[in-house]
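Trainee: This is the structure I want to talk about, given as structure tokens.
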Amino acid sequence: MTIGNLAPKKERKSRKNKGVIDENAPLLPKGQEDVVFDEFNGASFTGAVFNLSTTIVGAGIMALPATMKVLGLVLGISMIIFMAFLTEASIELILRFSRAGKSASYGGLMGEAFGKYGKILLQISVLVNNLGVLIVYMIIIGDVLSGTSSSGVHHAGVLEGWFGEHWWTGRAIILLVTTLGIFAPLSCFKRIDSLSFTSALSVALAVVFLVITVGITVVKLFNGSIAMPRLLPDVTDVSSFFKLFTVVPVLVTAYICHYNVHSIHNELEDSTQIRGVVQTSLALCSSVYIMTSLFGFLLFGDGTLDDVLANFDTNLGIPYSSVLNDAVRVSYAAHLMLVFPIVFFPLRLNLDGLLFPSARPLVLDNMRFALVTIGLISVIFLGANFIPSIWDAFQFTGATAAVCLGFIFPAAITLKDRHNIATKKDKILSVFMIVLAVFSNAVAIYSDAYALFKNSSRRE
């Protein structure tokens with residue numbers, strides 16, 4: 001069925017103010033869009049906010065308290081707010097140029113600006129970023145349920161604490177059961193709006209985690225068992241100065257949602273609401289990020305681990321400590337399980353676009369849909385079992401694909417300005433985003449390499 005066969009009323013509701021579809025766009029191919037809009041009248045504002053918020057608040061929130069340990073509270077919270085404004089600006093640029101070029105996807109927009117290779121570069125960046133993020137989700141779930149020893153000290157998982165060490169509480173078995181029982185079924189939906197209920201539930205679970213963390217911190221503040229946190233970074237030498245830049249990739253990764261903006265926009269009942277959806281989602285997520293960073297760092301101080309959830313396995317010094325520890329860890333692990341399919345959705349479409357650019361839309365080919373899904377989930381499962389720390393994964397994806405998707409690509413599209421709609425302010429902002437992204441991430445990569453070299457020299 002073609003779009004032309006739809007009734008006018010449905011056309012106005014689900015496709016309001018939308019441009020012509022770019023058939024070669026990797027995030028939402030034309031044929032797939034026809035199927036999507038034949039099935040429903042359009043996504044609601046609330047559903048879109050939940051889906052975009054779920055895309056943003058994934059695993060990045062767990063690494064944010066560790067950034068406070070590096071930057072101190074004042075600089076750390078300032079950077080979270082600054083990154084939120086910068087992310088909103090970059091998404092606004094993407095949407096404005098998409099309207100001008102009538103592009104229905106991020107890939108279509110990159111293809112219009114830079115041709116075939118621009119689109120391919122976008123697809124590869126989504127693959128690297130989303131694969132890295134989903135591997136991080138699995139690592140955290142493994143840390144929570146089975147335990148972790150990545151910091152040199154073993155932190156017991158929830159199941160290990162409840163039942164002791166058994167073969168079925170081991171990391172590989174827990175992740176295998178989670179993958180087959182939760183990730184695989186949720187990854188089989190072909191329309192992103194089908195995940196709006198699980199997205200709402202995942203946001204609620206993140207809030208549960210936050211409320212419990214805040215409550216524990218407030219109780220400990222009143223009984224005087226929390227020391228004054230460090231407000232500013234501790235810079236003592238060149239190495240510690242360069243270390244400050246290692247948090248930039250983590251902060252960038254925490255806000256990356258650009259690859260899902262077009263998919264959510266295309267399914268909105270009223271597409272003019274997309275800017276409000278973006279701003280509401282960023283405001284909600286920034287608030288959650290700030291509170292999590294503040295209270296997580298207050299609670300654990302310089303003992304904050306790269307994955308703060310792993311800190312919740314010790315006696316907190318308050319009544320019902322073990323129950324609260326388990327509630328925090330289980331609620332956030334469940335949150336990540338529900339976030340997984342939202343991030344997986346564009347990953348699968350972009351991989352299919354790379355491997356089968358001329359094939360019929362993935363949504364119409366059940367065999368190809370199943371094979372791509374199984375292949376990707378298998379790669380993610382293997383990665384989660386062999387990558388030791390979420391900080392390593394975040395710094396790699398954040399220093400490469402995430403900055404491209406979040407800042408470099410939107411800035412490059414603006415500077416290219418094929419439709420002559422960019423203002424002087426837009427171009428200055430674009431240059432700033434590129435310089436910030438390239439400089440900070442180059443320093444972060446250098447700092448990581450230097451620290452690795454220094455540690456290996458000490459061992460020798």
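Residue 1 is the first one shown; counting continues down the chain.
For all residues, glycine too, the Cβ spot is worked out from N, Cα and C.
Fair warning: this is a prediction, and the values are worked out from it, not measured in the lab.
Okay, these came from TrEMBL:
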| type | residues | note |
| --- | --- | --- |
| DOMAIN | 43-447 | domain 'Amino acid transporter transmembrane' |
| TRANSMEM | 45-64 | transmembrane segment |
| TRANSMEM | 70-95 | transmembrane segment |
| TRANSMEM | 120-141 | transmembrane segment |
| TRANSMEM | 168-189 | transmembrane segment |
| TRANSMEM | 201-222 | transmembrane segment |
| TRANSMEM | 242-261 | transmembrane segment |
| TRANSMEM | 282-301 | transmembrane segment |
| TRANSMEM | 330-349 | transmembrane segment |
| TRANSMEM | 369-387 | transmembrane segment |
| TRANSMEM | 393-415 | transmembrane segment |
| TRANSMEM | 427-447 | transmembrane segment |
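Help me understand the surroundings of these features in the structure.
Mentor: Same-chain residues lying 6 or more positions outside the transmembrane segment (70-95) and placing a CB less than 8 Å from one of its CB atoms are 64, 106, 109, 229-234, 243-244, 246-247, 251-252, 254-255, 257-258, 261, 265, 274-275, 278-279, 282-283, 285-286, 289-290, 293-294, 297, 406-407, 410-411, 413-414, 426, 429-430, 433.
For the transmembrane segment (168-189), same-chain residues at least 6 beyond its ends with a Cβ under 8 Å from one of its own Cβ atoms are 138, 141-142, 145-147, 157, 159-160, 195, 198, 337-338, 340-341, 344-345, 348, 373, 377, 381, 384-385.
Counting same-chain residues at least six beyond the ends of the transmembrane segment (330-349), those with a Cβ under 8 angstroms from any Cβ of the stretch are 26-29, 32, 51, 54-55, 57-59, 62, 126-127, 130-131, 133-134, 137, 140-141, 144-145, 158, 178, 182-183, 186-187, 189, 192, 195, 198-199, 201-203, 205-206, 208-209, 212, 259-260, 263, 309, 362, 369, 372-373, 376-377.
When Cβ-Cβ distances below 8 Å are used as the criterion, the transmembrane segment (369-387) is approached by residues 131, 134-135, 137-139, 142, 171-172, 175-176, 179, 183-184, 187-188, 190, 344, 347-348, 351-352, 355, 362-363, 393 of the same chain, each at least six residues removed from its ends.
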Trainee: Mind checking which residues of the chain, 6+ beyond the ends of the transmembrane segment (45-64), have their Cβ under 8 Å from one of its Cβ atoms?
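Mentor: Long-range Cβ neighbours of the transmembrane segment (45-64): 76, 80, 133, 136-137, 140, 192-193, 195-196, 199-200, 202-203, 206, 250-251, 253-257, 260-261, 264, 267-270, 273-274, 276-278, 280-282, 284-285, 288-289, 292-293, 296, 306-309, 332, 336, 338-339, 342-343, 390-391, 394.
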